[in-house]
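Asker: Take a look at the following structure, please.
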Amino acid sequence: MSAFAPLAHRPFRLLLSARLVSGLGSAVAPIAVAFAVLDLTGSSLDLGVVLAARTVPTLLLLLFGGIIADRLPRHRVLVVAGVVSVASQGLAATMLLTHTATVTTLALIEAVNGAAGAFTMPALEGLFAQVVPAELRRGANALFSLGGSGVRIGGAALGGIVVAAVGSGWAIAFDAATFGAAAVLFAALRIPAGDRISGGTMLADLREGWTEFASRQWLWVVVLGFGALNMVTAGAWNTLGPTIADGSFGRGWWGLLLAADTAGMLIGTAAMMRFDPARPMRAGIIGTITTAPLLALLGLVPNPPTLLVCSVLAGVGMGVFSVVWQTALQQHVPEDKLSRVFSYDMLGSFIAMPVGQLGAGFLATRFGAAEVVVGGGVVCLLATLGMLASPSVRGLGRGVPEPAVAAS
């Protein structure tokens, strides 16, 4: 079967197009926000506050977002969330361009954007399983990740260039426009009604989702491991990385590093269109080991060419894992419960990110940014080895949706 067979399905083409458009803007936005805050105050702690302001509402609303995505038509949830994101990012761009932005206003606006993301992520995950036939999902996941990686390469490089040339305000305005275009594409989807939650309370829905999540050991072990990985990435890479770049190799190079990481993801996801390991989760987790040396080198030897190579390798590993993880969820979790399970996945994976975002800036003032980044690399290595130590992770194969076992 051709790796491009999923493109024969119009709903998948629309979903992929929306993903690519919004992904381009989302690749530009983090660079723009980071340097907007640094231009205002020059403080990595303030940057951590703004980043955490986006993450916290996402975490608080994720479970609710999963319930809504399992109750309502998912493409309509995505349209509403997209409109909210257009408004929030449009306001941020306006304030930056008129020189009226402050750290407080940017934090509040990012909080609104983060709240919209809490509905976007579970709805998108569940919608993917609706529009792609089961036998095509591995290839479709690879195409989804491949396309996303491609636009992130361009977006990261574009973000660095635009911010350096005309400032963060125009970069965030571009992000707002891409959210609007994606909302139009989501609105064009015509999805047949699938299984939906009927009756019951939201608390019962949460319990059912928790049972599905907690009964699969491989799932919660990886989520715990990625909680640690994402905490370190949010703090050491996303918060302290721009600070180190500003004081050494410059903003343009930082954009290229992010693009190199995404180029690696492109390679990794392309490989997964051909590579179908019998124990896919083991292969995916092994790939994440590459994050540790990237952080160590950023802290010890911030040499741009060396970091570019390491960024590519780290991206390859994450690209392989991304396809493996999305396919595993779709193969092992029933479609009508997928958004709620994905919400628990996201909550567990992201819950420590504000700790990393706020803690990195605080620790950097005490011990130095380079030392904190190197320590983060050690934590990443330990988290990866911890996931591989679980037989449920190493032994997970291909499969079909598993019945949940009541969690004790």
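Backbone N, Cα and C define each Cβ position, glycine as well.
Because TrEMBL annotations are produced automatically, they should be read as predictions rather than curated entries.
Pulled these from TrEMBL:
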type     : residues : note
DOMAIN   : 11-394   : domain 'Major facilitator superfamily (MFS) profile'
TRANSMEM : 12-38    : transmembrane segment
TRANSMEM : 44-65    : transmembrane segment
TRANSMEM : 77-97    : transmembrane segment
TRANSMEM : 103-128  : transmembrane segment
TRANSMEM : 140-164  : transmembrane segment
TRANSMEM : 170-189  : transmembrane segment
TRANSMEM : 218-240  : transmembrane segment
TRANSMEM : 252-271  : transmembrane segment
TRANSMEM : 283-300  : transmembrane segment
TRANSMEM : 306-329  : transmembrane segment
TRANSMEM : 341-363  : transmembrane segment
TRANSMEM : 369-389  : transmembrane segment
Asker: Take the C-beta pairs under 8 A between the transmembrane segment (283-300) and each of 12-38, 44-65, 252-271, 369-389. Which stretch has the highest count?
Answerer: 369-389
Asker: What is the pLDDT of the domain 'Major facilitator superfamily (MFS) profile' (11-394) when averaged and given as a whole number?
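Answerer: Mean model confidence (pLDDT) across the domain 'Major facilitator superfamily (MFS) profile' (11-394) is 86.
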Asker: Given pairs 6 or more apart, does the transmembrane segment (170-189) have at least three Cβ pairs under 8 Å with the transmembrane segment (12-38)?
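Answerer: They are in contact.
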Asker: Do the transmembrane segment (44-65) and the transmembrane segment (252-271) come close, with at least three CB pairs under 8 A (pairs 6 or more apart in sequence)?
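Answerer: Contact absent: fewer than 3 Cβ pairs fall under 8 Å.
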Asker: Have the transmembrane segment (140-164) and the transmembrane segment (12-38) got at least three CB pairs under 8 Å, pairs 6 or more apart in sequence?
Answerer: yes
